[in-house]
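What follows is a set of notes on a single structure, which appears directly below.
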Amino acid sequence: MEGSASPPEKPRARPAAAVLCRGPVEPLVFLANFALVLQGPLTTQYLWHRFSADLGYNGTRQRGGCSNRSADPTMQEVETLTSHWTLYMNVGGFLVGLFSSTLLGAWSDSVGRRPLLVLASLGLLLQALVSVFVVQLQLHVGYFVLGRILCALLGDFGGLLAASFASVADVSSSRSRTFRMALLEASIGVAGMLASLLGGHWLRAQGYANPFWLALALLIAMTLYAAFCFGETLKEPKSTRLFTFRHHRSIVQLYVAPAPEKSRKHLALYSLAIFVVITVHFGAQDILTLYELSTPLCWDSKLIGYGSAAQHLPYLTSLLALKLLQYCLADAWVAEIGLAFNILGMVVFAFATITPLMFTGYGLLFLSLVITPVIRAKLSKLVRETEQGALFSAVACVNSLAMLTASGIFNSLYPATLNFMKGFPFLLGAGLLLIPAVLIGMLEKADPHLEFQQFPQSP
């Protein structure tokens, strides 16, 4: 009976014929995040120094005079401009990515994961190319916004993550899914840690241009890997139209269409939980470099590199902790522990005035990144196998909305609180993290095994 149905579909599975080898998705995510993390803090520092030069602020990182410039209005103007242009880049990326990532993610449920991975890789490549031109030719910083928009148009990093997590869901069982999600996120963290260590030292030695050129080269390699080496995980990819409202409708139906195999309440509340977690994560990340550059810390590029590496270390420590804690605790309670440490780290950041205290805050985040793989796995188990792309494109949309919200709140709040408490945004982040802590605990207590109903083989 199945034999008569399969032959018509096999000729449509054309992408497999073009593959040189069936590689996993993790190298793609590793290369993408290495390039992005290499560019991120450097872009912030580049904006800082460009605005400093434009406004005639000498802004050196000399330790002796740093604390005496805390009330310098020119320095505060540099901080404000840097923060605002970071916001403009994120808003531009969100407005375009809101449409493209949801469209492309649901489209991947039909055509396969590789087309989205290739498009998203090309977008990241274009963004890096624009950044190289800005740095090399001293173009207006507004071109950073243009590069961000071009990247978002082709799916952005969120689209690449949507396809990557969907491909993991395609090939993993419900028993192993949480750990596989954490493993994918760990590859993000290792890449970020290495890029952070390299970026700070390289900037001090050779300036801004060479790190951006390396990011461009890595993204070229990533695009080639996505096109010719990634092993398609969708069983029967088939041709379908890209520009149709059916793709967006499939995402809406995840949350509004009643079905016996899923709980719309759980989908909505877990989506809210991951929205808040990502908002705090990216909001803090957006202002951390600026917080460290300015008084009283006055970090140089080397220390910023160490700090950014410490920020990515929890991807590894969280992976190991998740594997160990799963032997004695349910996933939800592991996430609760991670949230508790995340809150502690944010509170320490808020009151950090010396370098050792900042690194203490980073140390407290060692379990903070068990949260998102747990929530992603729970969401994945609530939908059918044929809805994984739509689900993770919805999560990518939530991710984009969270990043915009983070930029709007943290990048606007940070300059507004410079005069009375620079660390206030971190306290706000700690308070916001109480929301997912309550939601996850409430859902686990109310119906702890609901997510396994699609996967009876799991305990």
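From the backbone N, Cα and C atoms, a Cβ is placed for every residue, glycine too.
Sequence annotations record features per position, and here Swiss-Prot assigns topological domain 'Cytoplasmic' to 1-25, 109-112, 155-177, 228-266, 326-331, 377-388, 442-459. What Swiss-Prot lists as phosphoserine is Ser6, Ser458. Summarising the annotation, Swiss-Prot assigns transmembrane segment to 26-44, 83-108, 113-135, 141-154, 178-203, 209-227, 267-289, 303-325, 332-351, 356-376, 389-414, 423-441 and lists similarity to another entry as the type of evidence. Residues or ranges marked as topological domain 'Extracellular' in Swiss-Prot: 45-82, 136-140, 204-208, 290-302, 352-355, 415-422. Here Swiss-Prot flags Asn90, Glu185, Tyr315 as pemetrexed binding site. Annotated H(+) binding site per Swiss-Prot: Asp156, Glu185, His281, in sequence order.
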### Message
I'd like to know which of the binding-site residues Asp156, Glu185 has the most other Cβ atoms within 10 Å of its Cβ.
### Response
Asp156
### Message
Give me the count of other Cβ atoms within 10 A of the Cβ belonging to His281 (H(+) binding site).
### Response
22
### Query
How many Å lie between the Cα of Asn90 (pemetrexed binding site) and the Cα of Asp156 (H(+) binding site)?
12
### Message
What does the DSSP secondary structure composition of the topological domain 'Cytoplasmic' (377-388) look like, as residue counts for helix, strand and coil?
### Response
8 helix, 0 strand, 4 coil
### Neighbour tally for Tyr315 (pemetrexed binding site), based on other Cβ positions within 10 Å of its Cβ
24
### Task
List the Cα distance (Å, whole number) between His281 (H(+) binding site) and Tyr315 (pemetrexed binding site).
13
### Listed stretch, out of 209-227, 267-289, 332-351, 356-376, 423-441, that has the most CB pairs under 8 angstroms to the transmembrane segment (389-414)
267-289
### Interface present between the transmembrane segment (303-325) and the transmembrane segment (209-227) (three or more C-beta pairs under 8 A)
no
### Task
To the nearest whole angstrom, state the Cα distance for the pair Glu185 (pemetrexed binding site) and Asp156 (H(+) binding site).
17
### Task
To the nearest whole angstrom, state the Cα distance for the pair Asp156 (H(+) binding site) and Tyr315 (pemetrexed binding site).
21
